[in-house]
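What TrEMBL lists as region 'Disordered' is 1-30. If you look up TrEMBL, you'll see 112-133, 139-157, 177-196, 202-221, 228-247, 290-308, 357-379, 385-403, 410-430, 436-455 marked as transmembrane segment.
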Amino acid sequence: MSAPLRLLPGGAGDDGDALPGLRRPRRRPSWAVPDPLDELAERLAETLATAVHPWEVAAVLESDGLSDEVVARRLGRGDLFAVAEELYARTERRPPAPPEVPNPWRADVRRCLLRGVVFALPGVALALAGPVAGGSGRGAAALVVTALIGWGWYQGLAHRAYLWLAVAGRRGAARCLLRGAAAGAVLGCGGALAVAGGAAAGWLAVGESVYLAAAVVLLVLDAERDLLVVLAPAVAGGAVLAVVPGVGWGPLVVLPVAPVLAVPAAVRRLRRAWRDEAVAGAAPALARSVPFGLFGLAGGVLTVSLVLGDRVRWTGIVLTLSMGPAEWLLHRYRAGAFAVSRAVGSAGEFRGRMGGVLARCLGGYVAVLVVPGAAPAVWGGAGVWPVAGLAALGALLWVALLLQAFGIAWLPALACAAAVGAQSVPWAGRASGPDVVRAVVCGGTAVVLAVVAHVRLGRVTAHR
């Protein structure tokens with residue numbers, strides 16, 4: 001060793017330094033000093049990722065004992081809220097997954113199919129009435145008038161009964177149905193007899209009106225199975241008459257069975273509902289049901305014009321049979337909205353995903369109409385315009401029903417009424433034919449309503 005070690009203090013040249021021959025280490029630059037906020041952000045990573053506002057972060061920091069003085073001394077920031085805002089800004093949002101819950105809008109396939117059959121069977125009964133009414137234009141007109149009155153009146157009545165069901169329970173709904181169905185039956189019977197007089201078709205129209213009054217009671221009170229039992233004899237009789245032709249009096253025997261069975265079934269359901277405990281509630285405003293009645297009337301006119309323009313009545317059968325899938329797809333849309341709302345993280349993403357849900361549901365319903373509706377075009381040479389008109393009308397009615405399901409009532413009602421007016425312009429039908437006019441008018445109206453549905457129902461708040 002070249003020099004003696006200094007082991008004891010107090011020797012020559014002792015200046016009090018412990019290590020006189022070593023230079024002190026340089027201080028690290030400020031940029032190399034670790035930020036104490038990094039350690040805090042790492043420790044609170046889970047809390048920061050799930051926070052929805054800087055104030056939530058500030059509350060967590062305050063609960064950990066941080067104050068403005070501690071923040072200024074140890075973290076070098078102005079106050080607690082400045083730290084919270086900085087931590088919130090530097091952390092990526094990772095909201096927690098919502099708990100698994102069943103979808104409340106999951107469609108009951110069997111119930112939708114049952115309601116579809118219930119909606120379709122009256123069409124079969126009316127087809128049986130064709131030979132009876134065919135000999136008289138007044139007889140056919142009586143059936144049409146009764147159907148239109150029923151579509152308009154009972155659509156509004158059903159909506160009002162559901163309102164009463166919400167505010168006053170089943171007893172309130174039963175009271176509304178009793179009065180409304182009786183008034184509708186009187187109105188329909190009066191219209192039928194005024195048009196047909198005492199002809200056989202007029203009395204069939206009276207039976208149709210009575211059946212519709214009882215049917216709306218059973219549907220609102222969730223008695224679709226009773227309605228299926230009511231209609232089964234008429235359908236069975238129709239099948240027999242189809243196999244054994246030439247029985248002119250057959251429909252006069254078969255068709256009255258439906259109203260004869262429907263009225264007692266409706267009375268039984270009303271009596272059961274009347275036994276429920278009375279619930280006090282304010283009467284719903286009558287004006288709330290007016291657009292539903294207008295939509296029913298306008299939709300009925302559009303449907304009747306479609307059926308009367310088809311020589312084989314196939315389009316009317318297809319449209320009637322599609323009511324079950326239409327209801328199922330309405331449930332699918334609402335179920336899709338529930339699923340999307342739990343899977344997305346922003347309002348813009350929700351709107352985009354809901355556009356796809358709307359397109360799939362509407363496209364699915366159009367496919368339900370087009371596939372069987374194209375049979376006359378393929379085998380009978382009827383052309384594509386009748387199928388296009390059927391698809392356009394079906395799309396219009398489905399989107400209108402979708403908007404009504406979300407409380408948007410006046411717009412679809414007025415749109416369907418405008419479509420009726422546009423189809424009624426004389427020069428339009430002569431220039432291009434009724435099928436072309438129907439396809440253009442109903443298709444254009446359906447597109448407008450679909451855009452409205454995308455805008456209005458693309459908001460998360462529309463699905464609360």
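Just so it is clear, glycine is given a Cβ too, placed from its N, Cα and C backbone atoms.
Automated prediction, rather than curation, is the source of TrEMBL annotations.
If one looks beyond the transmembrane segment (436-455) by at least 6 residues along the same chain, the residues whose Cβ comes under 8 Å of a Cβ in the stretch are 302, 305-306, 309, 351, 354-355, 358, 362, 385, 388-389, 391-393, 395-396, 399-400, 402-403, 408, 411-412, 415-416, 418-419, 422-423, 428-429. In this chain, the transmembrane segment (177-196) does not touch the transmembrane segment (385-403); fewer than three CB pairs sit within less than 8 A of each other, excluding pairs fewer than 6 residues apart.
With Cβ pairs under 8 Å as the measure, the transmembrane segment (290-308) is packed most heavily against 139-157, out of 139-157, 177-196, 357-379.
Within the chain, the transmembrane segment (139-157) has long-range Cβ neighbours (under 8 A, six or more residues past its boundaries) at 126, 129, 132-133, 176-177, 180-181, 183-184, 187-188, 191-193, 195-196, 199-202, 204-206, 208-209, 212-213, 215-216, 289-290, 292-297, 299-301, 303-304, 308.
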